[in-house]
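Feature list (source: TrEMBL):
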TRANSMEM  13-33  transmembrane segment
TRANSMEM  49-67  transmembrane segment
DOMAIN    122-242  domain 'Palmitoyltransferase DHHC'
TRANSMEM  167-191  transmembrane segment
TRANSMEM  203-227  transmembrane segment
REGION    306-327  region 'Disordered'
Amino acid sequence: MAPSHVLKCCQKVLAWVPVAFIALVVAWSYYAYVVELCVFTISSTAEKVVYLVVFHLSFVMFVWSYGKTIFTSPATPSNEFCLSKADKEQYEKEERPESQQEILRRAAKDLPIYTTTASRAIRYCDRCQLIKPDRCHHCSACDVCVLKMDHHCPWVNNCVGFSNYKFFLLFLMYSLLYCLFVAATVLQYFIKFWTNELPDTHAKFHVLFLFFVAAMFFISILSLFSYHCWLVGKNRSTIETFRAPTFRNGPDKNGFSLGCSKNLREVFGDEKKYWLLPIFTSLGDGCNFPTRLVIMDPEQLTVSSQNEPAKSSVANQSFPTRPLSESQNRLLSGDCQWVETGPEEENVKSGFCNTF
Ligand SMILES: [Zn+2]
Ligand SMILES: [Zn+2]
């Protein structure tokens, strides 16, 4: 086997280490809570039953959403975003960036694309050889273009994006609930540990560590969850927080925001009964996003420079929105000049998810 293949295999195996670590901690917490705490330490039957029922409910929801986040493949752009064979050959033959942009611009004419690179070029992935849909980014860890990519998370060894963002949020929420429930119910036994009221068995050390571990994870995940709640409210991905998407009228970090309630529905769907279940209910197809800007006459919007994000006067108004495919593709039509090209700006690296 070639050395590069061995290296790749090793990298693939090593990438599962954080997931294995979490799985081990969760398996131990299950054993410590069910066996050491409920069976060996708690004497009241009623207390045991209540604790075990609530514990198993939160445990199942947590493991379910964690599993769905890990094993849902990132969604990739559909074939319509790939260049045709003729265009691809022509693109590769061309050496001048202006001519390459002309080819891309022609190919993207009928695509629902409203954002460009910061230098106003069509966003093209050389690696996947496709025109990137809005909010799509190439993940260097997964080596694919991922729709509405948020970040590559080592703790789930997967890209968090359009296909699993809801699952990721539920995973954070249920892990918080799980940790909170464990910490809250273990607290009184944790206090008994320090006052020497627990029977002198090894169970008391499990109780001690259960509290520490649950409290530690709770505090770490809380900040990450709060941050993502804020992102959902703004309809913004982690990547877009670092680099605002560039629309026809300039970079606008709120370009995809439709108002808090609609933003929430974009991720969780229209049917509230499914909101708390790790079942895919996000709206749209991941390639095509409603934006408050498409129904505006672009000529009336303030044209802003790259360093000065568009502060449109429309920020606090609500607008009827529609999918981009139904609207005229103003970005790519008419007088847009693709003067500057340069290398594609994003090849997103993993590592945003280092909070816990
Ligand atoms: Zn790509
Ligand atoms: Zn990835």
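Backbone N, Cα and C define each Cβ position, glycine as well.
Secondary structure by DSSP for the domain 'Palmitoyltransferase DHHC' (122-242): 67 helix, 16 strand, 38 coil. Per-residue pLDDT, averaged along the domain 'Palmitoyltransferase DHHC' (122-242), amounts to 95 for this model.
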